[in-house]
C-alpha cells in the first residue's frame with residue numbers, strides 16, 4: 001500500500017475467476033482456450049482472406065476487417081490475465097497495469113459498438129441506394145470513419161484512468177472478474193465516486209447508447225425500404241444480407257447492457273451470474289463474429305474455402 005495522509009492507493013488488485021468454482025478452474029480453462037483460439041484464428045483468417053481477395057475490397061468487408069482487428073484486440077487484452085488465473089492461480093495485477101488494461105478494453109468495446117453502427121449504415125446504403133453504394137462508402141470514406149471511431153473512443157475515455165487514480169482505496173482490493181472494468185474498480189474506492197459514476201454514465205450513453213439507438217433506427221429504415229420492394233424474393237434477398245450483422249449486434253449489446261446494469265444497480269445479483277455475463281460480453285463476440293460472418297456471407301465463405309484448398313494443394 002502507498003500511504004499519504006488520508007490517501008490510500010493499493011499497489012495491486014486481486015482478480016477473481018468464477019466464484020464458487022475455483023477448484024475447477026483448470027478444467028474451465030479448456031472451453032476458454034477453445035474460445036480464445038477461435039477468436040485469434042477466425043479473425044486472422046478474415047483479415048488474411050479480405051486482404052488477399054480483390055473481389056472483397058468493398059465497404060462491408062473493410063468494416064468487417066476493422067471489426068476483426070477490434071475483436072483481436074479484445075481477445076489479446078483479456079487472454080493473459082484470464083488464462084494466467086485459470087492455469088497458474090495468478091490473481092495479482094498491478095494498479096497501473098489494471099488501469100491500462102481497463103482503458104484499452106473500454107476503447108475496444110466502444111470501437112466495436114461504433115463499427116456495428118457503421119455496418120448498419122452500410123447495409124442501409126446497400127439496400128436503399130444499391131447503385132451508389134460504392135460511391136457513398138468508398139475507401140477514403142471508410143478510412144475516415146475508422147479514424148473517427150478510434151479517436152472518439154480514445155479521447156472520450158482518456159479522463160477515466162486519471163479519475164480512478166485520484167480516488168482512495170482503503171477497503172477490499174478484490175475485483176469481480178479476471179480483467180479490469182471501470183465500474184468494478186470504482187466500487188472498491190472508499191472516497192466520493194459521484195464524478196466517476198456520472199462521467200462513466202454520460203460517456204456510455206453518449207457513445208454506446210447513441211450507437212444502439214442509431215442501429216435500431218437504421219434497421220427501421222431498412223425494413224421500410226425492403227417492404228417497398230416489388231417481389232418477395234427481392235425482400236428476402238435484401239434482408240438476408242443483414243442477418244449476420246443483426247446476430248453480431250445482439251451478441252455484443254445484450255451482454256454489454258446486462259453487465260453495465262449489474263455493476264450499477266445489481267447489488268444483490270449472485271457473483272456467478274455477474275462473472276458469466278462478463279465473460280459472455282468479452283469472449284463470446286470475438287470468438288463467434290468470424291463464424292457468423294463466414295456462414296452468412298457467401299463471398300467470404302467461398303474465399304475462405306479457396307484459401308484452404310490452395311494450402312492443401
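Glycine too: its Cβ is placed from the backbone N, Cα and C atoms.
As annotated by TrEMBL, transmembrane segment applies to 24-50 (among others).
Per-residue pLDDT, averaged across the domain 'G-protein coupled receptors family 1 profile' (42-293), gives 89. The domain 'G-protein coupled receptors family 1 profile' annotation in TrEMBL covers 42-293.
If you look up TrEMBL, you'll see 62-88 (among others) marked as transmembrane segment.
When Cβ-Cβ distances below 8 Å are used as the criterion, the transmembrane segment (100-121) is approached by residues 60, 63-64, 66-67, 70-71, 73-74, 77-78, 81, 93, 145, 149-150, 152-154, 156-157, 160-161, 164, 179-182, 185, 207-208, 211-212, 214-215, 218-219, 245, 248-249, 252-253, 256, 282, 285 of the same chain, each at least six residues removed from its ends. Taken from TrEMBL, the feature transmembrane segment applies to 100-121 (among others).
Annotation comment: TrEMBL describes 133-155 (among others) as transmembrane segment.
Long-range contacts of the transmembrane segment (197-222) within its own chain (CB-CB distance under 8 A, at least 6 residues past either end) are made by residues 109-110, 113-114, 116-117, 120-121, 123-124, 127-128, 152-153, 156-157, 159-160, 163, 182-183, 186, 238, 242, 246, 249, 253, 256, 260, 264. Taken from TrEMBL, the feature transmembrane segment applies to 197-222 (among others).
Residues or ranges marked as transmembrane segment in TrEMBL: 243-266 (among others).
Only residues 6 or more beyond the boundaries of the transmembrane segment (272-292), in the same chain, are considered here, and those with a CB under 8 A from a CB of the stretch are 16-21, 32, 35-36, 38-39, 42-43, 45-46, 67-68, 71-72, 74-75, 78, 82, 105, 112, 176-177, 179, 181, 244, 247-248, 251-252, 255-256, 258-259, 262-263, 266. Positions annotated as transmembrane segment by TrEMBL: 272-292 (among others).
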